[in-house]
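> Got a structure for you, written out below as C-alpha cells; questions coming shortly.
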Amino acid sequence: MDDLYLHFVQQLARYPFRKILLALSGGVDSQVLLALLARGRDEFGWDVTAVHVHHGLSPNADQWAQYCQRCCREVGMACQIEYVQLDVASGESIEKLAREARYRVLAPHVNAQTLLLLGQHADDQLETFLLALKRGSGPKGLAAMAAYAPFAEGHLLRPLLTVSRQHIEAYAKQHKLTWVIDESNADIRYERNFLRHQVTPVLTERWPSIRQAVQRSAELCAEQEALLQEFLAEALKKAITAEGGLSIAVLAEGSEGMRRQLIRAWFAHHRLPMPSRQHTERIWCEVALASEDANPKLKLNHIEVRRFQHCLYLVPPEKDLSGWRSALVPEQRLPLPQGLGHLQLTSKAGGNIKLPDDPSQLWVSFEPQGLEACPVGRVGSRKLKKLFQEYGVPSWRRRQTPILMYQNRVVCVADLFVDRDWSGQDCELVWFKSHDSVPK
C-alpha cells in the first residue's frame, strides 16, 4: 500500500459516513482523489458518487464535463453534472462567485450520512493563508481551510490538505492518470494564481517546510477562534435582545476589543458577512454613540445598522410602500409586498374588531402620514406617528406595519391596537409574517 493511499484511507477512517460524494473538477488533485476513491471502494465497499460543477466560464467547460463523466464511467462510478450561472457583472471576484456557486449546488447532495470530499492540498492552504494575511485577517481568516468541517446536512473532508501539489502530481504520473488543465490557472491577474506562480515557489525554495509551518499556524488560529467563539457565545446571550438587537449598555461595559468582537459575533448570529474593523468602529461611534435625538443608520452592503431604545438593530434598507394599497376581503389572505407576509381578516367569536356594514370598503395601507386613531381604552385621537412612538415601534418598521382602513378611517394597526370605534367581537386581523403558517 503506497504512502498516499495509506494517508487517504487513514483520513477517511477518522470520520463516520455511509456515502462519499466527490467534488470532481477534472484537475489533477480531484483526479487523484477519484483514483484513490475507486481503489478504496473496491477494497472497503464504499458507496461513492461524483459531481462535476459546470461553471460555463471556459470555452472548454463542456469538454471538461464530458471528460469527468468518461473518467467516472471507466472506474464504474456515477457522475452528475451541475450547471451554474455566475453574475460576472456583479463586481465580486470570479473566484468567489465560482466557489459560492459550487457550494450552493453541492449542498443538496449532502445529507447527514454523506461525506463530501474536496481536493484542496497543502499549496492551496498556503495560498489561502497568504490571501488572508494580505487582507489583514484575524484568527478566523488565518485559520484558512479546515480539513474537516460541517457542510449542508453532513460534513466535508479535505483529505489531501497536508499533501503538496508536487506529491500529488508525482502520484498522478506514477499511476498514469490524466487530467484537464484550466487555462485560467496561468492568468496571474487572479490573486491566487499570482501567489501560485510568483510567490509560493520563492517561499518554498527558501523554506521547504513552510507548508507544514503554515498548516500548524492555521490550526492554532482555528483553535484560538473556537475558544473565542465559545467565550463570545456566553457574552452574546447577555447582550442580545429577544428581538435580535444588541444592547448598547452591555457593549459599553467591555473593552474596545471585546466590543468589536461582540459586534462581529452579532453579525454572525444573523448569518451576515463579517464587518471590517473600520466598520465595527463606525457602528459604535456613528450609530451607538449618536446624540439622543438622532435617528442614526449606517448602511453596510445590503443591510443597515439602526438604533432604537438603547439597542442596535440589523435591518434591510427601507422600501417605499407609501403608494401601495389593496382591498382586504374577509376570510381571504392578502399577500403583502416586500416579503412582509400575509393579512387575513378572520371571523372569530370573541374577536376584537366589529365588522363594518359594507366590508367591500375595507383596504390596507402602509402610509401613516396624516392618519389618526384612538386605541381601545384610551380617550382622544392621536396621530399614528405619536402612537407608533408610544407603542415602541422602531422608526424603520412604522412604514412596514399594515394599517386596516374603512373608507378614510383607521380600523386597526396590525399587531398593535384596534380603534375604539371599531371595537367588537366579530373578527380579528391576523398578520402572518414572513410567509409563516403561524401568526406572530
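Each Cβ is built from the backbone N, Cα and C atoms, and glycine gets one as well.
Sharing the feature lines straight out of Swiss-Prot:
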- Ser25, Gly26, Gly27, Val28, Asp29, Ser30: ATP binding site (BINDING)
> Relative to the mean position of the Cβ atoms of Ser25, Gly26, Gly27, Val28, Asp29, Ser30, the recorded ATP site, which additional same-chain residues have Cβ within 8 Å?
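Everything else in range on the chain: Leu24, Gln31, Val32, Leu33, Gly119, Trp179, Val180.
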> Helix, strand or coil by DSSP: which one applies to Ser25 (ATP binding site)?
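Where Ser25 (ATP binding site) sits, the three-state DSSP reduction gives coil.
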> Counting across all protein chains present, how many other Cβ atoms fall within 10 Å of the Cβ of Ser30 (ATP binding site)?
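Ser30 (ATP binding site) is surrounded by 25 other Cβ atoms within 10 Å.
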> Could you find out if DSSP has Ser30 (ATP binding site) as helix, strand or coil?
helix
> Just jot down the residues in the same chain as Val28 (ATP binding site), at least 6 apart in sequence, with C-beta under 8 A of its C-beta; none if empty.
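Arg165, Ile168, Glu169, Ala172, Leu177, Trp179 - these are the non-local Cβ neighbours of Val28 (ATP binding site), listed in sequence order.
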> Which has the fewest other Cβ atoms within 10 Å: Gly26, Gly27, Asp29, the binding-site residues listed?
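Gly27, out of the binding-site residues Gly26, Gly27, Asp29, has the fewest neighbouring Cβ atoms within 10 Å.
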> Measure the Cβ-based neighbour count of Ser25 (ATP binding site), defined as the other Cβ atoms within 10 Å of its Cβ.
21
